[in-house]
Amino acid sequence: MRRSLRFYFALFFAKGTAMVLKLIGRKGTSMPGSWAIILCPDFLGRMPRPKTVVGITGTNGKTTVANMVEDVLEDCGYDFVCNRSGTNVNTGVASALIANSTFFGKPKKDLAIFELDERSSPKILPYLKPDLLLCTNIFRDSYKRNAHMEFILDVLERYIPDRTRLILNADDLLCSSLKPQNRRVFFGIDRMPEDGEECQNIVQDIRVCPQCGARLEWEFVRYHHIGKAHCPCCEFQSPEADYRVTSTHPEQGKMTVKYGGEERDYPMPNSSTINVYNSLSAVAFLSEFGLSPDQIAASMEKLSISESRYKEEEAGGKKVVLHLAKGQNPIACSRAFENIRNYPGRKAVILFLDDYFDAAHSVENTSWYYDTDFEFLNDAGIPQIVAAGARHWDVCVRLLMAGIPESKIAHVEENEKAASLLNPAQVDSVFILYDVYTIGLANRVKEQVKAVLKDSGGENGKEDGGQNED
Amino acid sequence: MKIEILFPEFCNLFGDMSNMWYLRKCLPEAEFVETPFEAEPAFASEDVGLIYLGPMTERTQERVIEKLRPLSDRIYELIEKGACFLFTGNALEILGESIENEDGSKISGLGIFDLRAKRDMMHRHNSTFLGRFDGEEVMGFKSQFTMAYTAPGYYPFLQVTKGTGLNKKLKTEGIRYKNFVGTYLLGPILILNPCLTKRLLSDLGVPNTRLAFDSEINAAYRKRLKDFHAKT
């Protein structure tokens, strides 16, 4: 697209906005891009593109993977523009490009790495035309924004350019079906001891063959529709992974990846299955980008999962774990619940599931609770669950529907009272689950929980963990 | 009593299947039949107490219409006989006249109700809803790509107090004809609205059934209504 007067007006206005925001001490990470797109709706198409543009999209894990990829490339000496401190929609991408351009918009850096919101693909991908695009997975997400997986799949199918090289999840039959004519490689994890033949989750979004409609036969199901399947009536099947995790070694923080007939170990900052996928997809992406296995492995040694997503601390000889559970995202929350169930020892769980904005101004659509596997919390190793927030009664009903005894449930409207409902003598660790927008609350409550745990040293536990307030 | 859940492997978006889990808890003696897409629905050859269909993707809608088209006369007969039906989300559109795409092309529905739906796939409608049914407040949520249009004289399910009806101009929501209920409200509407569950149980011939988690779902209902009135 040619640069028009309108484009230059939008560019200069956006740069002026960024300058003013900087002068008054505000970050303004998406405002310059917002103005640019308001003034010139096809701004991204007219903005000169860095020589190489790579992207990371998908329902879950894209932020973690983008952070890993950026950290490794930075460690390897690459200079690039990215939207890490901004938003992953079109305005965030535009802001990043504007901030890293000369007065007339020419890119200062030759490489751009963007985390891309999959729902925003129509407003980004046709303009940005990524050379390389990683799709982590396709799942149900916010009903409001993403509707359902078929809708998101159709959006990506329509807007991913034909020439974009893809890195796709072989274990996700939805993700792996994207753009079959594009050049692509797949990543996957070999069958693990805990994988089964039947889905243990409420949601499994592909059950029949998309080509002939026959019921799929699963060689194994890991969770939801993640696994390996084939159609008994036609040739449809999960693709073979090019990058395969053949084994994991959590005690050493390593995973063994097979690619091109050779096996080698790579670091994995966290051993939960979703984080093995995150690490593996980062390895595949970096390898396809052109880094050597040695470069990738050496730089990944220095990585850790962002503390805004997962953090463990100790107090009174017990653990306090902050665990992100993305609100209105049934799959992310189900994964978090399963992680808690599988965590060793006896655990208490504090749930802050309210959407921050809905809790303040509306009544949240809580339908997503019923696509979420609260049933994982119905476990002998979890003697206490505290639900706090505007929808505490709705969470209580969902927990009861999951078969959790009333005596294990405590709930309260005031978030800040959650810690006071704990019975610390019953547990070895306390999990605090929070949404992206409630990390401040989670951190405040974490300090209260730590104080409760410190005060409780040696106290005998009560058998009944349940209390509640109206 | 037999309760038939149609095509639960597909028609299960937005947590709607929870309505049937809840009914199972309220009616532990009832027989629940889950009919997969490749099977013949039980209602085709026998009378069942309740037929449930939940929301689905747009491509699935077209498959379900074709699956049920040979049974449209039987569905009409059962509705006229007073069998209970609960269709949630876009399942209602299956029984309408047509579903219109943005390009003007139309998918013919079963034509049992005079209802025409129009899709707008890039503009999803999301809203909270408050309405009235038999003098009781019903609260729910909408999240949909379509608006529906119907002829005067149709049989509305809910009167809109606040929110959007079948379309943005209409002050009524859903269809209720005899014991058929179809509504665009999605998710766990029976859990969210104990008054609706009681009414459904009454229509099913078990009016004195105690609701599962009676005190908790009523407390949650009152709190939700209180927040709705205070915040919206």
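Quick reminder: no glycine exception, Cβ is built from N, Cα and C everywhere.
Please treat TrEMBL annotations as automatic predictions, because they have not gone through curation.
As recorded in TrEMBL:
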- A:56-173: domain 'Mur ligase central' (DOMAIN)
- A:Cys209, A:Cys212, A:Cys231, A:Cys234: Zn(2+) binding site (BINDING)
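The residues near the Zn(2+) site, meaning same-chain residues not in A:Cys209, A:Cys212, A:Cys231, A:Cys234 whose C-beta sits within 8 angstroms of the mean position of the site's C-beta atoms, are A:Pro210, A:Gln211, A:Gly213, A:Ala214, A:Leu216, A:Pro232, A:Cys233, A:Glu235, A:Phe236, in sequence order.
Mean model confidence of the domain 'Mur ligase central' (A:56-173) amounts to 95 (pLDDT, 0 to 100 scale). If you draw a 10 Å sphere around the CB of A:Cys234 (Zn(2+) binding site), it holds 12 other CB atoms from the protein chains shown.
A simple way to gauge crowding: the CB of A:Cys212 (Zn(2+) binding site) has 12 other CB atoms within 10 angstroms, across all the protein chains here. The Cβ of A:Cys209 (Zn(2+) binding site) has A:Arg215, A:Leu216, A:Cys231, A:Cys233, A:Cys234, A:Phe236 as same-chain neighbours under 8 Å, each 6 or more residues away in sequence. Residue density at A:Cys231 (Zn(2+) binding site): 18 other Cβ atoms are found within 10 A of its Cβ, drawing on all protein chains shown.
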